[in-house]
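What TrEMBL records for this protein:
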type   : residues : note
REGION : 113-136  : region 'Disordered'
REPEAT : 234-267  : repeat 'TPR'
REPEAT : 273-306  : repeat 'TPR'
REPEAT : 486-519  : repeat 'TPR'
REPEAT : 520-553  : repeat 'TPR'
Amino acid sequence: KMMQNVHLVPEADEDDLYSGYNDYNPTFDTEDLENDVAFQQAARTSHGRRPPVIAKIPGTSASRSLATGFGSKATLNSSMGRPTTGTIQDGIARPMTAVHAAGYTKAAMRGSSFDPLGQARGPASPLEMKNSDRSEEKIRQLEKKVNELVEESCIANSCGDLKLALEKAKEAGRKERVLVRQREQIATPENINLDLTFSVLFNLASQYAANGMYAEALNTYQVIVKNKMFTNGGRLKVNMGNIYLKQRNYSKAIKFYRMALDQVPSAHKEMRIKIMENIGVAFIKTGQYIDAISSFEHIMSTSPNLKAGFNLILCYFAIGNGEQMKKAFQKLIAVPLEVDYDDKYISPNDDPHTNLLIEAIKNDSLRQIECERKSMAEEYIMTAAKLIAPVIDTSFAVGYDWCVEVVKASHYVELANDLEINKATTYLRQQDFNQALEMLKMFEKKDSRVKSAAATNLSFLYYLENDLAQATNYADLAVNSDRYNPAALTNKGNTVFANGDYEKAAEFYKEALRNDSSCTEALYNLGLTYKKLNRIDEALDCFLKLHAILRNSAQVLHQIANMYLFLD
């Protein structure tokens, strides 16, 4: 039998292309396993089975007994307390292993499910935080709460609830002090959040000032200013100067403004200009016009603006320097407005897309800002011209003529007509009616707005002279030129009232009030008209409304008393 598995070498070497393909390892020959004595013996005995393993506590060096398939016990000694492999029993070698399969123990088999990863035990308990970590978390939460209180305080202030804003600011201050103490206990002082401390104190001082608690505000600002750890705290002396200015303590206001000016670097040009404006205003309040002029002249030479230019004119007016008033007025006229003029709102062609764009930007928010800035500039210029015209030359007429010429040479050409009308009204105040009429008649051929203003004044003049026909003609001209002119409508109502048509006069007065609810002349005349129509309740209502506007008018009080007399 053994010879059947032996392959003999051929006697002669032959070159066979297909030789070797049928040669294989006899180990893999399974055809004669039934006749293999060694294999059959292994199949009938425990040679083909793994010996059972008794679960013991691993990791000890104690000897253990190992039961075998032959019914005997073999004592195995191992340095690791594990059974060895390759043990020889009765001269027969059989395989053994010390590998302990995970999860396949007898203890796991006794009434328990298969769970090699221990998932049935549930999630692991959370890790306990160290005391330092817990303290840091509390501090972070407290910082978050302080920031929220500061924000709530600012929002309440912007909504006008000053009392709530102050309460929130105080609460933020209390919590911030607790936060600082906790920080000092667990960390070095360098870890204190200085930005948070600064914002809390600054907000608290601002809320004190908003509520009129100036002493508390100044004390809080002092805490910031004196703390050298706040690098830019010195700039808050501007706020302290503002408080002293409100308290009319002008000398201290100037002192703090100057200290703040020293703290602000030259790179912050705009802020320095604003501080210098405040210094100039404080000098005006104290009557130190020369010092104020020095401040405003510096501003007008470096960064000119309308307010500084107007204040400069006031200072020169106060000291009576006519030549300097002229120069200051020219500087005021030359201040750049930085706005686009009306040319860009005029369509250059009939392109529908361009027209749509122009319509969209005609009344947007930027256009409104431009209109407000232009209106403010015109108001400053008109006020300054009316102020200096009577004193810069030998007569007010010559002074007005000079102002008109200067305005005509600037971007404010439209103001020239307004100045000439003001010149005519000045003649009226001086009771020089001929000069006033002569000037006003020059505007009959001007544009509609100027024509309406001139015609209104002419109507008033002829009304005073009891020339109702001329007064009516110019009143009609004024209304037709500008239907939204409340003064023109009031004059038209006066002419109708003088002719005895009270109902129609009331309609003109009402229309004037619809165009301008603050037109006191129309409201007073409407009350007189209702009185003529014997509508006493409505007349009393008009005079009471007028009394709310003009609290100390003797004429209004007389009419109210007269109405109550009629009601009795």
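Even glycines carry a Cβ here, placed using N, Cα and C.
Helix, strand and coil residue tallies for the repeat 'TPR' (486-519), in that order: 27 helix, 0 strand, 7 coil [DSSP]. Tertiary proximity for the repeat 'TPR' (234-267) is limited to same-chain residues at least six positions away from its ends with a CB under 8 Å from its CB atoms, namely 202, 205-206, 209, 214, 217-218, 221-222, 224-225, 275-276, 278-279, 281-283, 285-286. Helix first, then strand, then coil: DSSP counts for the repeat 'TPR' (273-306) stand at 29 helix, 0 strand, 5 coil. Mean model confidence of the repeat 'TPR' (520-553) amounts to 92 (pLDDT, 0 to 100 scale). According to DSSP, the secondary structure content of the repeat 'TPR' (234-267) in residues is 27 helix, 0 strand, 7 coil.
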